[in-house]
Amino acid sequence: MGIGERIYKKFSKDIGIDLGTANTLVYVSGKGIVINEPSVVALNIKTKQILAIGNDAKRMVGRTPTHIVAIRPLVDGVVSDFEITEQMLKYFINKVQHGSPGFFSRPQVVVGIPSGGTDVERRAVHDAALNAGARAAFLIEEPMAAAIGARLPVQDASGSMIVDIGGGTTEIAVISLGGIVVSKSIRVAGDEMNESIIQYAREEFNLLLGVRTAEDVKITVGSAFPQDEVLETVMRGRDMISGLPKEVVVNDTQIREALTRSVRGILNAVKEAVEQTPPELVADIMTRGITLAGGGVLLRGFDKLVAKETLIPVHLCDDPLTAVVRGTGVVLEDLDNLREVLIQTEFEKVPS
Ligand code: ADP
Ligand code: MG
């Protein structure tokens, strides 16, 4: 380590970011996770001005006048709106640095991004981190970061399988020797489960639900596998015929039924990934099991269902919602050793 690098290490707080479709988390070296906010931006569409980001913006969802929209720039699992994503990233980086970094304190930044993005999108995220004051920016595919966060031995000559269900995308990867051998990304995840509940309420009860209510119902009584005891909750919304408020009590069996299509979609993708995995690695996965990460895997009984259908043991990682950001933290603390797990980008800038 040169003297310059040593000075940097002393003064800078390196940053790991999980730029998720639903939530953005930020890890600061030596401190841990300091930010955990929704990936939402409130925008005035007349002036193109950004009004709020994160928690403040989420409070506006569904409550905005017509000229204000609350958007989730990464909602489809790809960086759909560069400029807004860039602003959001800058906002979070600056927030943990309490303003612009000084000359000696410019951080290194590791950002977890959905796999399958284009070069243009990756470059946009990379440049946004540099524009926000990073002295070097590194990108890592989310399932790789999740696997590292779950403490899987990604650098061994042995197969590890990770399934990360977020809001907008489910990412499935088989990893060996520091690289991704099989990868799948589908746009069926937590958001689609919410939509399924909205559709169910509409079709069965003529009940119009908001997205946040649907998500509450999913978290309160949702499941992928029959439950030992009956779970019930009240769905509150608007009657589509009378236009007046209405409540309906639903149980776990009904909601499981509503979620079947989304859950099946994810399950089929997992099975396809196993089918595409070379036999030696399948043997490793049979022994080690499939690891689940991301908020979506908290759906009751999802682990049981996957185990039953794939005949492979399944483990939920500790604290699934923070696996990716913890993974970026591990990489930050050991960049020299873990360089091979990063996305190799031609536009990577070596600190000068
Ligand atoms: P992303 O990485 O895309 O930002 P997250 O990993 O933060 O997504 O997960 C967010 C998703 O997890 C949301 O769709 C949310 O509804 C879902 N989720 C969170 N907790 C639960 C739970 N207990 N049961 C089911 N789904 C959950
Ligand atoms: Mg995620």
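Here the Cβ of each residue, glycine as well, is placed from N, Cα and C on the backbone.
The ATP binding site annotation in TrEMBL covers THR21, ALA22, ASN23, GLY167, GLY168, THR169, GLU215, ASP216, VAL217, LYS218.
DSSP gives GLY168 (ATP binding site) a coil state; it is part of no helix or strand.
Within 10 Å of the C-beta of GLU215 (ATP binding site) there are 20 other C-beta atoms, taking all protein chains into account. Sequence-distant neighbours of ASN23 (ATP binding site): residues of the same chain at least 6 apart with a C-beta under 8 Å from its C-beta are ASN36, GLU37, PRO38, SER39, GLY167, GLY295, LEU321. According to its DSSP assignment, ASN23 (ATP binding site) is in a strand.
The full span of the recorded ATP binding residues, THR21, ALA22, ASN23, GLY167, GLY168, THR169, GLU215, ASP216, VAL217, LYS218, taken as their largest Cα to Cα distance, is 20 Å. All protein chains included, VAL217 (ATP binding site) registers 25 other Cβ atoms within 10 Å of its own Cβ.
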